[in-house]
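A quick write-up on the structure given underneath.
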Amino acid sequence: MLRSTFQTLSKRTFSSTSINPYKVAVLGASGGIGQPLSLLLKLNHNVTDLRLYDLRNAKGVATDLSHIPTNSTVKGFAPDQQQPDALRDTIKDSDLILIPAGVPRKPGMTRDDLFNINAGIVHDLAQTIAKEAPNSSILVISNPVNSTVPIVAEVLKEHNVYNPKKLFGVTTLDLIRSSRFLSEILKTDPTKEHVNVIGGHSGITIIPILSQLENCSTLSQEQKNELIHRIQFGGDEVVKAKDGAGSATLSMAYAGATFADAVMRGLNDEKNVVMSSFVDSPLFKNEGIDFFASKVTLGPNGVEKIHEFGKLNQHENEMLETCKETLKKNIEKGYTFVKNKK
Ligand code: NAD
Ligand code: LMR
């Protein structure tokens, strides 16, 4: 399914026909992710109205992108004297809101170390979304995703506008890394490798289910362990290589644009659009874990179906238990933050 999503995105990216008019807002559009993400959305013919919001330079980025001859209009919004209601104007009537606003990691930091700054940013953005665009699909990229998604949910609940089918934590980067890293070992076509990745989006909460892949049975246990570790800590690889200049931006922009395309295709009633995402999920609710990443079918109302993740081997079951402990704490941390804001 991931392959077909990639193929559809690249086909439509350069197609000349307008398919569906979606209004898409990017909050944090001038950042490392925001700029290339906005470029990819500008190339997507499902997007006809692209709104870019940031505390700095959104108008510059929008003007730059607006010269590209695709079907969409692009407008930049910044909260200054000329646009005191910039955020409201950005998101009003939007179909999709992507949120990459927030600070990225530096070497030595965990995603959770970003909580103190990013929780507040996401909380405040969600307050305005709740008032001005409660029917949009909300795609949260800002880390720590395991906590920022519950924060958005709680804010929407406070305003009585929470629709669990339309809130997504974007975990697509874990999928694309899995495809790429596995193909490097097997020497196969990365677009044909699809790993079922479940859990959350940070270190040990990321669980790639290799036992479900026939071609992984040829790998030694050591190779599998190395691959699992690389998928779980792929983000650290980029943070280390960037050496203080941030975290993944370009691969994340690709991942975010791929996921946004899938959400729009679902809204457009395309059948069998299946992607993994960190969503409000029944899978472990009875254990107090309200959000979990697994495959979901996307449709006109957002999440149409949350898939069971299938059989795990003993090692994967152990990983799942550790994942759940951390995930529960991450989710509760988000809830507590919103409660203390009242
Ligand atoms: P960046 O610092 O380059 O860009 C962030 C942008 O957000 C900046 O332009 C900044 O001005 C803007 N911003 C800050 N506060 C804002 C606010 N209140 N309203 C609007 N805009 C605001 O960072 P980046 O590299 O683009 O990363 C952004 C976030 O995405 C980080 O939290 C990072 O950890 C996360 N991330 C998530 C994934 C994922 O897989 N979900 C992958 C990579 C990065
Ligand atoms: C990633 O997986 O690359 C992102 O979550 C950014 C990070 O901090 O690692």
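Including glycine, each Cβ sits where the backbone N, Cα and C put it.
What TrEMBL annotates here:
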- 23-169: domain 'Lactate/malate dehydrogenase N-terminal' (DOMAIN)
- Gly28, Ala29, Ser30, Gly31, Gly32, Ile33, Gly34, Asp54, Asn118, Ile141, Ser142, Asn143, Met252: NAD(+) binding site (BINDING)
- Arg105, Arg111, Asn143, Arg177: substrate binding site (BINDING)
- 171-337: domain 'Lactate/malate dehydrogenase C-terminal' (DOMAIN)
- His201: active site, proton acceptor (ACT_SITE)
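Shown here: features listed in TrEMBL, placed on the structure.
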residue : record                       : CB count, 10 Å
Gly28   : NAD(+) binding site          : 26
Ser30   : NAD(+) binding site          : 22
Gly32   : NAD(+) binding site          : 19
Gly34   : NAD(+) binding site          : 27
Asn118  : NAD(+) binding site          : 23
Ser142  : NAD(+) binding site          : 30
Asn143  : substrate binding site       : 27
Arg177  : substrate binding site       : 25
His201  : active site, proton acceptor : 28
Met252  : NAD(+) binding site          : 23
Need one number: mean pLDDT over the domain 'Lactate/malate dehydrogenase N-terminal' (23-169).
97
Cβ neighbours of Arg111 (substrate binding site) where a neighbour is any other Cβ within 10 Å:
26
DSSP-derived structure type at His201 (active site, proton acceptor), helix or strand or else coil
coil
Name the residues of the same chain, 6+ apart in sequence, whose Cβ is under 8 Å from the Cβ of Arg105 (substrate binding site)?
Arg111, Asp113, Leu114, Asn143, Gly235, Val239, Gly246, Ser247
Nearest-integer angstrom distance between the alpha carbons (Cα) of the residue listed as 'active site, proton acceptor' and Ser30 (NAD(+) binding site):
23
Rounding to whole Å, the Cα atoms of Ser30 (NAD(+) binding site) and Arg177 (substrate binding site) are apart by 24
Just checking: which of the binding-site residues Ser30, Gly32, Asn118, Ser142 have a C-beta under 6 Å from ligand 2?
none
Pairwise Cα distance for Ser142 (NAD(+) binding site)/Arg177 (substrate binding site) [Å, integer]:
18
Which of the three DSSP-derived classes (helix, strand, coil) applies to Asn143 (substrate binding site)?
coil
Rounding to whole Å, the Cα atoms of Asn118 (NAD(+) binding site) and Arg177 (substrate binding site) are apart by 24
In Å, rounded, how far does the Cα of Gly28 (NAD(+) binding site) sit from the Cα of Arg177 (substrate binding site)?
23
Determine, for the substrate site, the additional residues of the same chain whose CB lies within 8 Å of the mean position of the CB atoms of Arg105, Arg111, Asn143, Arg177; present them in sequence order.
Pro104, Pro144, His201, Ser202, Gly235, Asp236, Val239, Ser247, Ala248
